[in-house]
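Engineer: From TrEMBL, here are the annotated features:
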- 94-365: domain 'ABC transporter' (DOMAIN)
- 461-481: transmembrane segment (TRANSMEM)
- 493-514: transmembrane segment (TRANSMEM)
- 535-560: transmembrane segment (TRANSMEM)
- 580-597: transmembrane segment (TRANSMEM)
- 604-626: transmembrane segment (TRANSMEM)
- 688-715: transmembrane segment (TRANSMEM)
- 729-761: region 'Disordered' (REGION)
- 746-761: compositional bias 'Basic and acidic residues' (COMPBIAS)
């Protein structure tokens, strides 16, 4: 049976693989003519599944007594001034040491919310800005930050988040567009799909083919090819699939672009962000304001596609939109209305107006329901919707709405449903993902290696510029430190050689600084993809380290080739290659050090400050500017810890222990001129120390690369500016607060409005 199954699956995949470029294009065009005709492809696939009595994985998300609290500065301390920033940093260190209590106020983001996100139903999350929508979505997807206090629980089919891998089970689509500008739209989606793998799609297709074979059913060849396109072996086809659905096919081969590269529009970037998750096998989607920057038509098409996917393939989806159009609003089955951190309504869309009419508010005929729902809980806008003219209007606060909903028949049904625990025994084995990554470690490495090679080719202008730069500096060096500047073998002629060696070493240290900037620019995309568990930190960092080896070897070779004999260093060929090895080892060590500093800093300003301080420190303690004997004893440890010291020793030993510096000095306490010069600078005087220093440099490069990957693994993305309450008149602040990922701040008026709401309760 297994052999027959493999044979059928192989035949289907072979037919798809044999398609040429034009055939693939026609093959993908055909289903999307049908997409406009009510998605017959998904209907045909669902019909095949139902015909053999096959059950697709279904995910039900529950959240009960969920409360989220955070901390924020209030009053004048909320202002982002230089003084406040310094005080905040000092107080943070003192608080960690237990020397000072926190001066932040605890505020509530979500307050005892509960609900159910059901499979095969589209749920829309609505709420005014600052109501806690992003925090709720992150809580459902298991993406909350560690510095936020969470109580209550979130379960998937009765299983808590610690029992499986929520990042692979549920795809969280952020409101932020973070992509590599040098990659095209197609390459971006293809890489995401390649890292996610086939997941449950392979097993579902194999089970479908097996059951059809047992029932002696002959599947439609076209439908089989379409299903095969959903497997990992045909990631390019499903990428084309998503490109057409999101209307990105016209710009599929255009670079995404960034601040320095012109690329696609902001709305198209938003669709790319959505497409990155849609190409994967995930069966639950949490989407955070994906309509920002999109026109209403494109938003409608995306929501319509998600609706078909959810209904026909039994998927789970909850989506927050900012002011959806009436046509888009009608596509949703359920509504979750959130205000001031509390759920005002959750249930079928058809009953939401009934609930508010029961409380005395009615949506005008020419008013969009979505806009009405987001304004009816606001004290400023609520009165205009009061329709009981025979009764005086009185402000209805959010807690009053919550109590009214709990007594509403939809709220009572929700409470009864939550009382019945989920039956774990009925959960489909493929519903929850227990593996961290979708493909093997080797495949992950190959995917990241291929992307790094692509980015390296796209950034070739940087490598070319660095080669031109080092060539020009090398020309300046050998014209400045020419052969006429010093006489080899004589003590009074060594200054020229000392200067040339130190200049070359410093050049590589400064030239490596660009690695710090380039690494910082790549971190936001890495942190986003790491949080989605597309790949581990080592798969991202290892290709970067490997590709730096040939680049640094080429640059070191250019420098040594142009300067070595023109300046007049030791003429032996072995000395030439030993200097090349010493410069290469120093360059590699410096690159790995700057990469590590970039990840520790994570922000360009912080990383540049740390990098500059580190560079100055290691150069000063390197043994040339200040000799070892001139350094105070209590600071001597800094000399041995300075990586540059080993590079300076290696190139100095290689030059001054050559036989042309072997003339005797005539002093009984000193042997040769070369060793005398080395002793004066506090350097080692034995030949074997060259190999020790090179070994230390290579060892340090490995250590810094390891620390670079470890920092990628354990450090989190730098938090965005947190919401701050600009009012410190009250002692016990218990109001809503935007999550750390939010972009805005709570204004004075918003905070006072929240306090007025509390007083009305």
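Placed from the backbone N, Cα and C atoms, the Cβ positions cover glycine too.
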Engineer: State, in range form, which of 493-514, 535-560, 580-597, 604-626, 688-715 has the highest count of Cβ pairs under 8 Å to the transmembrane segment (461-481).
Structural biologist: 493-514
Engineer: Any contact between the transmembrane segment (604-626) and the transmembrane segment (535-560)? By contact I mean 3+ C-beta pairs closer than 8 Å, pairs at least 6 apart along the chain.
Structural biologist: no
Engineer: Residues sitting near the transmembrane segment (493-514): Cβ under 8 Å, six or more positions beyond its termini, same chain?
Structural biologist: 462, 466, 469-470, 473, 477, 481, 485-487, 555-556, 559, 563, 567-569, 583, 586-587, 590-591, 593-594, 611, 615, 618-619, 622, 624, 644, 647-648, 651-652, 655-656, 673, 677, 681
Engineer: Summarise the model confidence on the domain 'ABC transporter' (94-365) as a single mean pLDDT, whole number.
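Structural biologist: For the domain 'ABC transporter' (94-365), the model's average pLDDT rounds to 85.
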